[in-house]
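Colleague: Straight out of TrEMBL:
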TRANSMEM  21-40  transmembrane segment
TRANSMEM  72-91  transmembrane segment
TRANSMEM  103-120  transmembrane segment
TRANSMEM  126-145  transmembrane segment
TRANSMEM  165-186  transmembrane segment
TRANSMEM  198-217  transmembrane segment
TRANSMEM  222-241  transmembrane segment
TRANSMEM  247-267  transmembrane segment
C-alpha cells in the first residue's frame, strides 16, 4: 500500500452514519467530563487537591520520582488539546473519517480513565490509582500506534490529533512511574536491600528507554518527547532543589530528558531524509 493510499484512508469517504454521530458526541462529552474531574481534583467545588489526597503520596515531595509541582501545569495544555480534538472530530467534515472511527472510542476511554483516576484518589484509594493509570497508559500507547499507522489528513489533524494525544502519552509515562513509586513506598516496600536512589535511577532509565523507543518507532514525533522530557526535567528540578534531595537522581533525570529529546530529533531528521529519498529527492544511503 502506498503512502498516498494510506493517507486517503484517513480522509472522510462519506457523509457518515448515525453511529459516527454517536461516537462524536461520546468523545465530546467525555472530554468535558475529564475537565470537570480535573476541576474537582484541583481542589475546587469541594474536592481535595491531588497533592493533599491519598495521604499526600502524590505530592511533589513524596518520592524521589515525584516531579516538582510546576510540572503539573502541563495538564492545562493537555486538557485544552483534548478538548480541541473533541471539537475538531465533531465537525461535520470529520464525521466519516476512518481515522476518527478507529481512535474515537479509545480517546473517550482515556478521558474516562483520567476522570476515574482523579475519583479514586479523591477517595484516598491510592492502591486503586495504579491499575487505573496503567490502563490509561495502555490505551494511550494503543492510540499512538494507530496514529502512526494512519497518517493525518493535514496540518490541523496532525497538530490537534497527534499533538494532543502525543502530549498526553508522554506525560502519562512519567505520571505512571511516579504513581507506581508512590504506591510501593506507601505499601512499605524497602527495595529488597537496594538504595532508594538506585531504584529511582532505574525507573528514570526505564522511562527514558520508553521515550527513545517511541521516538524511533514514531519517526521522531515531537509531542510525546516534549511532555516526557518536561516531566523528567521537573523530576530533576525537584530532586536538586527540594526534598527529598538527591543529586544522583536529579542528574539522571536531566540526562534522561536530554537523551529523549536528542534521539527524537535524530529520528525526525532521519525520517525526513528517508521520505525525501522515497520521493526521489536526495541521495539514498548518504549522510
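Heads up, the Cβ atoms here are built off N, Cα and C, so glycines get one too.
Curation does not apply to TrEMBL; its annotations are automatic.
Set these features in their place in the structure for me.
Modeller: Among residues of the same chain six or more beyond the transmembrane segment (72-91), those with a C-beta under 8 A of the stretch's C-beta atoms are 24-25, 27-28, 30-32, 34-35, 38, 50, 97, 100, 104, 107, 111, 156-157, 160-161, 163-165, 167-168, 171, 227, 230-231.
Proximity of distant same-chain residues to the transmembrane segment (126-145), defined by a Cβ-Cβ separation under 8 Å and at least 6 residues beyond the stretch ends, is recorded for 54-55, 57-58, 103, 106-107, 109-110, 113-114, 116-117, 120, 165-166, 168-169, 172-173, 175-176, 179-180, 182-183, 186-187, 214, 218, 224.
Remote same-chain residues near the transmembrane segment (222-241) are listed as 60-61, 64-68, 70-71, 74, 78, 144, 162-171, 173-175, 178, 204, 207-208, 210-211, 214-215, 247, 249-251, 253-254, 256-258, 260-261, 264, 268 (criterion: CB distance under 8 Å, separation of at least six residues from the stretch ends).
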Colleague: Find the member of 103-120, 198-217, 247-267 that has more C-beta pairs under 8 Å to the transmembrane segment (21-40) than any other listed stretch.
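Modeller: Ranked by Cβ pairs under 8 Å, first place goes to 103-120.
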Colleague: Could you pull out which residues elsewhere in the chain have a CB under 8 Å from any CB of the transmembrane segment (198-217), counting only those six or more residues past its ends?
Modeller: 63-65, 144, 148, 169-170, 173-174, 177, 180-181, 191, 224-225, 228-229, 232, 235, 246, 248-249, 252-253, 256-257, 259-260, 263-264, 267-268
Colleague: Would you mind listing the long-range same-chain contacts of the transmembrane segment (103-120), meaning Cβ under 8 Å and 6+ residues beyond its ends?
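Modeller: Same-chain residues near the transmembrane segment (103-120) but 6 or more away: 23-24, 26-27, 30-31, 33-34, 36-38, 40-41, 50, 82, 85-86, 89, 128-129, 132-133, 135-136, 139-140, 142-143, 146-147, 161, 165, 168.
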